[in-house]
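Worksheet: one structure, shown below.
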């Protein structure tokens, strides 16, 4: 802290005020308005919510959103863990290059990265052409507008949010822990299972939570890569607002998503804390 | 898993021509060393001497560029660490923070596929060995540094390895606790008859604990011997300077001498004094004389010796240390033990110094 002293409550508030004000005006106020509308328009009650949960079309979108978010999280974890492990054991140029490889995509527009996937996956795209040239396929395969494509592209876009917490958790494990485990007779797999994995769980939890929550509300990538058949909840909300002008119903969808996200955060915040407690006790 | 060998030599280690290079640097340079079963051997040297690299090669975390390592006659040079069945205690305690003390100690037994009941029983017995019976349910972070290191030792011996490797295990402890642990580890080692290879940069620790000490410098083995041998009869100038306190004085040999023979040394700025040749010297060869402060004597009256001026007298209870300046600006330390009735001196006094030929070791200097 500046000057090395603690701030008084008044000073703390003053310093945080610009951000809090912004949060209030552009986030909390509109959200509250939207939620209010979802409960009182066209008539007071839970009618909009019941509509969202009873209509199979909407229910399917919500379940698909959950499934895709789950698969994206899983894929991101599988891809990110080995990378984070190598990074945590690298130094100097190697670490700088790996770090850049992780962070550069993060600094590039999501739209650009999504279009990159479209270039790769489309009917006459790079992958189809390569497969055809190798003689593996006769006709172009449908890659774009599939759930697999959505999962793959989203996992790629969200990967940094998994790598970074994993990296910091793994970095915190001294090299002597796995060494000690091996001296004590643990095979590399047992060392991972018994020592490294339990010690990096806090990082795994926060990485998974981050990716899962971001994936739930993801808009650009599923809209472009998935198309209408792979519609996720964010696209549905957008459609309700922009095409059907049904703000109250969109508000209900947002309310459901928000309740789900809050429940998850509360649930896992406890889990994360518990892990930290176990880790340090 | 390998069955524990009851063979008496099972705990012996032979290091043959070990060389390990990091780029152009020879971290270990052709070291050969035989460690007997049941022996307590210290690898002693300054940082960068290669002592840790040797230990890590025995452990299996380093693979040598040349040479091999035998354990009980069996070549283990390329065996992965988890299949060597060695015990190891690290510098930092490395107890797994997510397991209780007992779970930590039972960990190697679990890796060896023992049942839960036997694991618990043997872990509790090992905890008793290091006198921490009551602390089995605690987490490592709830223990003091000394307690953590005792648990680490219990964990390293619970599966009865033939050899225990220790990598500066006491360097994180404060002085009193360190001395207590030195004695405790020594007792434990005798009790269970395990071979111990102990890395340290602290010569007192090495001399106190080890049966034999291997002194290393720049990746080379300088001398291997019992603590008394290293102190009384250092074979190289490095060992003479590294073990204990030493005054060095340059001069030239007054006559030719074979190793172990008495030789007169013409000291710079002074006369000819008696010494013992460590290596073969020819008349006129440049030599370095090593003199222990407590072997220097103040001679009475008009005896023949080296004249010197006392610049400072430091009283420290059990001994008095004199700082001396001899002719030619040579600075010397002299230690007079208290209560032995030896002549003392005060600052500013002119004295005459002398020593026994056997207490002055003359090392040949490469021209």
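Note: Cβ is positioned from N, Cα and C throughout, glycine not excepted.
From the options A:45-65, A:66-86, the stretch TrEMBL describes as transmembrane segment is A:66-86. Contact counts against the transmembrane segment (A:12-35), taken as Cβ pairs under 8 Å, peak for A:247-268 among the stretches A:66-86, A:93-116, A:149-170, A:199-227, A:247-268. Tallying C-beta pairs under 8 angstroms between the transmembrane segment (A:199-227) and each of A:93-116, A:149-170, A:247-268 places A:149-170 first.
In this chain, the transmembrane segment (A:66-86) lies apart from the transmembrane segment (A:247-268): fewer than three C-beta pairs between them fall below 8 angstroms, excluding pairs fewer than 6 positions apart. Sequence-remote contacts of a segment are chain residues at least 6 beyond its ends whose Cβ falls under 8 Å from one of its Cβ atoms, and for the transmembrane segment (A:149-170) they are 68, 71-73, 75-77, 79-81, 83-85, 87-88, 102-103, 105-106, 110, 113-114, 117, 121, 143, 196, 199-204, 206-208, 210-211, 214-215, 218, 221-222, 225-226, 230, 232.
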